[in-house]
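What TrEMBL says about this protein:
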COMPBIAS  104-121  compositional bias 'Basic and acidic residues'
DOMAIN    5-61  domain 'FYVE-type'
DOMAIN    152-274  domain 'C2'
DOMAIN    308-441  domain 'C2'
REGION    104-145  region 'Disordered'
Amino acid sequence: MTACGDGQSHCLLCAASFGPQGVTAVLCVQCKHHMCSKCGIWNNSRTCPMWLCRICNEQQEASHCRGSIQNTEHQFLKDTHQTGSAAHCVLTCLLPKADVENKHSDKVEGMHPPAVEEKRQPVVSSSVPARSTPPVNPSEPDIEYDSDDATTLGSLEFSLLYEQETHVLQCCIIRAKGLKPMDSNGLADPYVKLHLLPGASKSNKLRTKTLKTTLNPVWNETLVYHGITDDEMQRKTLRLSVSDEDKFGHNEFIGETRVALKKLKFNQKKNFNVCLERAIPVKKAVGGSIRGMALYEDDLNEGENSEERGRILISLMYNSQQSRLIVGVVRCAHLAAMDSNGYSDPFVKICLKPDMGKKAKNKTQIKKKTLNPEFNEEFGYEIKHAELAKKTLDVSVWDYDMGKSNDFIGGCQLGIQAKGECLKHWYECLKNKDKKIERWHVLLNDNAVQFED
């Protein structure tokens, strides 16, 4: 069998072109050339599953045959020597010397081994037809599996780190190897997209930059989720999908992998090198129609947070020297989308009540087209420390709309009358003077009237 293609953009054996309009490419682990799945041989060995082109497969089988023949001939000569020695001893005891010599001569001459071809058992190949499905992602994702050996979609290397104190989840996308060719040139323009499941939406979608014309991209790019709670780490799953960017059409899905966040140890980085899987089908569509990969049955069961509209990171500090309460609006995360483009133009309003006049009301700048805005703005209120126990801090997030009323996204109240984290945060501020304390708070939309625009 001879090579007809270049093994890059065309099949090494039949010269068929790769890409969306062509055939599916696989990589030979021996010669490192690409061929189509029809010309490849899938070796489903438990120890080392891999693809081989037919040329390398024939060479491997020939090598195994030569080794088998040598072992068979060696064993036959050994058996013949042992059998001949035993027969010689028996004949020496029972027959005259001359007869023994004649009988032994006749015996040895008559002991022709069976044709070597009969002893040469063909090597049993574990190859299966190329159309069979390769093994899917292993159960332990941090075990290294090279994409060339275990999948035709490629592999993805990344690391995860959850910092418990700051409620930050860091995902460092390192590289991918052996991605499936998606373009007519036998290459791809890959990028990686992250989603948190259940509850996938634009507010928790992150993505890397796109790298052009490569099947082995190196990103070394860190994507960060803010405001992730310990409880979410126990019940959320991170979905990482690799796609090919197409400027003149729809982006094409290459493969994905998922990590249950409960597998991570807090404050300890964990490295992954996993094989990409094919798209996991949607379990249940909303409203009877499939609206995209982000809809899963688990999303429908997340009713306890149905009123949640995002989160906000607030800092509080009472400056005893200036007799001022310093309120910091740091950032928001996972805000609800209020505009038709799937985003919002958010800004934050804070008000210290009972009303202290115009000085009690402040608002941040507007951040355009985002669901994860970063503000880093601080506001001060001159007030005696003893009076803070009687005050309530209203925090509300709004979507700016030009020429009409702004849309209320969600809000929360901090004070002695509050509950949960809002009460705890206010109490810690009163107890620890001159110490800045940051806390994440859930934004709710159950009482928009109290946060009048």
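The backbone N, Cα and C atoms fix where each Cβ goes, and this holds for glycine too.
The average pLDDT for the domain 'C2' (152-274) in the predicted structure is 91.
Across the domain 'C2' (308-441), the DSSP tally of helix, strand and coil residues reads 21 helix, 64 strand, 49 coil. The DSSP breakdown of the domain 'FYVE-type' (5-61), given as helix, strand and coil counts, is 8 helix, 18 strand, 31 coil.
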